[in-house]
Amino acid sequence: MELQKMGGEMGTERLNGSVPDSGKTAVLEDGYEDEERVLPEQEEFLPHIASKKLNQFTDFEGKTSFGMSVFNLSNAIMGSGILGLAYAMRNTGIILFVVLLLCIALLSSYSIHLLLKCAGVVGIRAYEQLGFRAFGHGGKVVAAVIISIHNIGAMSSYLFIVKSELPLVIQTFLGLPGNNGAWYMNGNILIIVVSVCVILPLALMKHLGYLGYTSGLSLTCMVFFLISVIYKKFQIICPLNETHSEKTTIYYNGNNGTVEPETDVCTAEVFTVNSQTAYAIPILAFAFVCHPEVLPIYTELCRASKRRMQNVANVSILAMFSMYLLTAIFGYLTFYENVEAEMLHTYIRVDSRDKLILSVRLAVLLAVTLTVPVVLFPIRRAIQQLLFHKKDFSWPRHVTIAIGLIVTVNLLVIFVPTIKDIFGVIGATSAPSLIFILPSVFYIRIVPNEKEPLLSRSKIQAACFAALGFIFMVMSLSFIIADWAMVTTVAQLFLALPPDNRNWSKQGCGVLCFVKDNPRRSYFIRFYDLKVLASKTYYAP
């Protein structure tokens, strides 16, 4: 990413939400004063010069083409959430999934419209600064915390992919028949090694601009992933041999019975609702969050206007909607009921030595690893602004914050068992805040009542939009908590059964327990849940 300095008078509109040095205040276009200071990461590009002009740092301000802006925003939207979309379709059905995906895409576009309108009113193009203008210091804190939570969730999901995929890639390269127990086959150790050797050096860089070169590679890798998913649909035959058992014998209160396997294991569900549907909407919402990056891209856009930037957002969302939909449909129609929360792991059950899938796994691993430092930068900036905004740049503090964030994320990845939990919880909290709630309340507070009265149609729509976000957050969290409680209850029942390998059906990384008198009602229990509930030997079939 190239960088440049733009000079401007102190009284002119500030385009990138940056702030003047020292204790001086800057007057914005609407007459308000802002007392924020220069961010430590920007100080080299915003040197204090004793003159009447303020040297202002922006990235490609006003020089990025429409097409490149679409590429940048598409890359901001695209993330590891694409790996969980087939799992979301499995638990909603094709029709419900398409409806939900379309609704989330349209709502994301509308929320970007609200952000752009707020930015146009006050001349600020930074998410946290909009929070400061709307609610003062408290608003800035809330915006910074939510962005940090979301980005920590994104970093966790990226490293979880490294944890689950890198040992299998190493195993394939070395030609090992299975896990030999060596340290390089332990995912927890590998993410620590990758974090120390690759992520940490990049995260310690003082300026974000040098990390921009990986964005094109990341998007290209995901396009390669989509092409491979489509190609594999016509190669893999359902059912998968290892997951399609002849029959399962279970015990319940001392009585035993036989449950025949489902005959429609390879039939696509058009519409379905089950205990896992609660994860579908958060996964979809998590996949469309790009709002912290919208305003910086707006700053860089050539011939920038709200209408032009809205078109950039609409084209980007449409492109990602198409890519998400194709990935979900072809991934689901490849594995049907056997698809897992992390789709790449499902391909291993077919052929762990497939060269194409190995190439895809390497591409995705490279993309997500190099993306982690970019995602870490806004969190560190938020921490610096909230806790050390009156202090000059300090290398010890800069390094300490980066190490602390990386250690925190590593602990999350080591102790959170599945990527579904990360997507579900983070998507149910930070995603509705960034998409629904914050843009709406910013719009209501920032747009003057003289321009749009409080009871105007636009502000009523924004209020309803915020209410929808609150409802979505509460419902999603409630469903997820209820599902965790149900799985725990079923797991306790399972552990009370006789220790016979006929009691359950092994599938992937857990077991499948059937509910009495309803063979089609079942719960998938992870080995992790069983280990938490009891310390006993597990009987593999």
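Each Cβ is built from the backbone N, Cα and C atoms, and glycine gets one as well.
Copied over from TrEMBL, here are the features:
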- 1-24: region 'Disordered' (REGION)
- 70-88: transmembrane segment (TRANSMEM)
- 94-116: transmembrane segment (TRANSMEM)
- 141-161: transmembrane segment (TRANSMEM)
- 181-203: transmembrane segment (TRANSMEM)
- 210-231: transmembrane segment (TRANSMEM)
- 311-336: transmembrane segment (TRANSMEM)
- 356-377: transmembrane segment (TRANSMEM)
- 398-416: transmembrane segment (TRANSMEM)
- 422-444: transmembrane segment (TRANSMEM)
- 465-495: transmembrane segment (TRANSMEM)
- 478-541: domain 'WH1' (DOMAIN)
Dominant neighbour of the transmembrane segment (422-444) in 70-88, 94-116, 181-203, 311-336, 398-416, by Cβ pairs under 8 Å: 94-116
Contact set, same chain, for the transmembrane segment (94-116): CB under 8 Å, 6 or more residues outside the stretch: 88, 127, 130, 268-273, 280-281, 284-285, 287-291, 294-295, 298, 306, 309-310, 313-314, 317-318, 320-321, 324-325, 328-329, 332, 435-436, 439-440, 442-443, 462, 465, 468
For the transmembrane segment (398-416): best-contacting stretch of 70-88, 181-203, 311-336, by Cβ pairs under 8 Å: 181-203
Annotated stretches the transmembrane segment (181-203) and the transmembrane segment (70-88) touching (3 or more Cβ pairs under 8 Å): no
Maximum Cβ pairs under 8 Å to the transmembrane segment (70-88) - stretch from the list 141-161, 311-336, 356-377: 311-336
Tertiary contacts of the transmembrane segment (141-161), as residues 6+ beyond its ends and Cβ separation under 8 Å: 79-81, 83, 127-128, 130-131, 135, 191, 194-195, 286, 289, 292, 342, 344, 364-365, 368-369, 371-372, 375-376, 378-379, 382-383, 385-386, 405, 408-410, 412-413, 416, 419, 422-423, 425-427, 429-431, 433-434, 438
Mean predicted confidence [pLDDT] for the domain 'WH1' (478-541): 51
